[in-house]
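TrEMBL lists 61-82, 103-124, 144-165, 177-197, 203-224, 245-263, 275-292, 312-334 with the feature transmembrane segment.
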Amino acid sequence: MEMFSMSLHNAGEANLVTSGLVLYFGDMLACTISKVCRLLIPPELVSIRYGIKRSEIGIVIQGVLLGLLIFSAVFKFLIYLWEYFWGANNSESRERKEIWRSLIFLTSLGFIMIAVAPSWMMIVLDFDVHPVLWIFQFIFSEPFKRLSLCIYWLVLIYASVLRFYNISKNSKIERILLRKYYHLLAVLMFLPALIYQPKFLDLAFGAALAVFLVLEIIRVWRIWPLGQLVHQFMSAFTDHRDSDLIIVSHFSLLLGCALPIWMSSGFNDRPLTPFSGILSLGIGDTMASMVGHKYGVLRWSKTGKKTIEGTAAGITSVLAACSVLLPLLASTGYFLTQHWFPIFIAVTTSGLLEAYTTQLDNAFIPLVFYCLLCL
């Protein structure tokens, strides 16, 4: 938490992050306490029950995040013990010490994610099978579609990461524009999956968030052999909102796309709400930045960099995307109850907010757009 607070630059960002963490992990604690009470106290003496109906995907994601939270604390404690008892021996080479740190990292991560976190899910949340087995069953329930989607994602990630990193080292293109290419990548990756495989995308977002967290731990602790490589790669795409300690931009982009989808789960009368993050970040924010950077002349303020031309391009591009997306969604079985006027108001308001906000717009704009589309 201290690391995250150092990476957040104002009260709005800190409030958003801390509120989310408290609610999410507080729910885990409440579930655990409720289960312990039911196991230790006779049912007739317990007058209050805690719990909500959770999807299997939601349980798996929550368990994985809890496991990573436990792992980060356990790993830090194990490293402290290792350095206290064996670190004083300077006869070992630096490379050998790095290998030992890596072994401690992999062993503790594997044990917690394979044994501890699944045990919590199965005992506290009454999950029927081991989560790893359930994930394989879920993927192979529709093997062709889901494995094809995984291959499509891997090809896109490999090609884009390799290409963009080389560009970042050898090109004079501004970093802000390079970052927007990842917004376009998010559209290419998430839009087809959200239309045709929304449940699998829910699970994939959880897996991606877990991978990002593990990579960030590897980068911060410089875990051999990937720590320095990950740090060099991530540093090539940072901006003023990232600190030397914690890089939050990739988390905000992922969560900005994922949160509207997770919050829309089970609702079919507002078909555009799951697309709030993809539309506002992948299309609107990207077009606003590119058009504003290349053609922008009229600035919203004397001190800011946002231009009226960029904002107009962002709003227009999102409206154009909605005009294409709505008929496509209607053909897949969604009920279209939203009219164009409230959609126009939602798109315009979120576009103007993006032009003026000093907050972490990757996190704020999708949530605001989502709320406006729900009205």
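For all residues, glycine too, the Cβ spot is worked out from N, Cα and C.
Distant neighbours of the transmembrane segment (144-165): 178, 181-182, 185, 188-189, 192-193, 196-197, 200, 204, 233, 236-237; these residues of the same chain sit at least 6 beyond its ends, with a Cβ under 8 Å from one of its Cβ atoms. For the transmembrane segment (245-263), the residues of the chain that approach it from at least six positions outside its boundaries are 3-4, 6-8, 58, 179, 182-183, 186, 190, 194, 198, 201-202, 205, 208-209, 212, 216, 219-220, 234-235, 237-239, 273-278, 280-282, 360, 362-363, 365-367, 369-370, judged by C-beta separation under 8 angstroms. Among 61-82, 103-124, 203-224, 275-292, 312-334, 275-292 has the largest number of CB pairs under 8 A with the transmembrane segment (177-197). Residues 195-196, 268, 271-272, 275, 279-280, 283-285, 287-288, 290-292, 343-344, 347-348, 351, 354 of the same chain lie 6 or more positions beyond the ends of the transmembrane segment (312-334) yet place their CB under 8 Å from a CB of it. Taking residue pairs at least 6 apart in sequence, the transmembrane segment (61-82) and the transmembrane segment (103-124) share three or more C-beta contacts under 8 angstroms. Outside the transmembrane segment (61-82) by six or more residues, the chain places 24-25, 27-28, 54, 100-101, 104-105, 108-109, 112-113, 116-118, 120-121, 125, 127, 131, 202-203, 205-207, 209-210, 213-214, 217, 221 with a CB less than 8 A from a CB of the stretch. Here the transmembrane segment (275-292) has Cβ contacts under 8 Å with residues 176-177, 180, 183-184, 186-187, 190-191, 194, 253, 256-261, 305-307, 309-311, 313-318, 321-322, 325, 347, 350-351, 354-355, 361-362, 365-367, 369-370, 373 of the same chain, all six or more residues outside its ends.
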